[in-house]
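*Asks:* The structure that follows is given in the form of structure tokens.
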Amino acid sequence: MEFENIISAADKARILAEALPYIRRFSGSVAVIKYGGNAMTEPALKEGFARDVVLLKLVGIHPVIVHGGGPQINAMLEKVGKKGEFVQGMRVTDKETMDIVEMVLGGHVNKEIVSMINTYGGHAVGVSGRDDHFIKAKKLLVDTPEQNSVDIGQVGTVESIDTGLVKGLIERGCIPVVAPVGVGEKGEAFNINADLVAGKLAEELNAEKLLMMTNIAGVMDKTGNLLTKLTPKRIDGLIADGTLYGGMLPKIASAVEAAVNGVKATHIIDGRLPNALLLEIFTDAGIGSMILGRGEDA
């Protein structure tokens, strides 16, 4: 056996030994994963994500995927000559845009994720929040520095989640893949930020972990240093001084709310890293930023 292969084998053995306590600890638990960013668009990362999700299921963890689809929605809007607009990180969604959002998220994106997971041996099932009306939504009004309660169209916030559908899929050995579209009291569709859906679903499922995949290493301070542990108080300060803004705001808000409301560990991790999920769940060091419901920052 060549020397490099001996090293490779030794590394693999070490990794497995390090992972074993975590496999035992988390077996039988739910991990809600917000899937987005480069991990959804780069072929190698997409395939790696699917393999990692299947592995989680094989070792007894129950992954529940909530996906975004911003780049795909933008591409479709561009095709039809419609410009995307955002307010405080939320997509302005008129009726035409909502039709496109629902088509892209519930159709193309959801089915692609399901197909890829199943290709690697999983049993994924795609659902939208409108299926069985399991995600009830209400209109979201956004406050801006210039104006309070701005109406940005068919954009919603989660009013309630009936977890029966998702729990039923888990009990059947399936991997639920959730498109973040909710339903209003009149049956109308609402575009809901995927981070908000993931956080609320993690709360309602009493998840062990909420993992949010992003295109950054985690939460950074103004000098570019990674903040590995954060409390709500520290996060309030980072928002106040402008360190956190735009699209990070709903992600952070969802992570904090989930941590405060009982999700045992909430993480913002770098989805550009191969095997990011496994690195966070099964290694001593972990990656990214952990959001704590209470306690001291590290």
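Each residue, glycine too, has its Cβ placed from N, Cα and C.
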*Asks:* Of the candidates N191, N206, N215, which one does Swiss-Prot list alongside G69, G70, R91 as binding substrate?
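*Replies:* It is N191, as the record lists it for that site.
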*Asks:* Which residue, of the recorded positions K34, R91, K251, has its CB surrounded by the fewest other CB atoms within 10 A?
*Replies:* R91
*Asks:* Among G69, G70, R91, N191, listed as contacts of substrate, what is the widest Cα spread in Å, to the nearest whole number?
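*Replies:* Among the residues the record ties to substrate, max Cα distance equals 12 Å.
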*Asks:* By a 10 A CB contact count over all chains shown, which of the binding-site residues listed here is most packed: G69, G70?
*Replies:* G69
*Asks:* For substrate, what surrounds G69, G70, R91, N191 with a Cβ no more than 8 Å from their Cβ centroid?
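*Replies:* Other same-chain residues near the substrate site: G68, I73, T93, V101, V104, L105, N193, A194.
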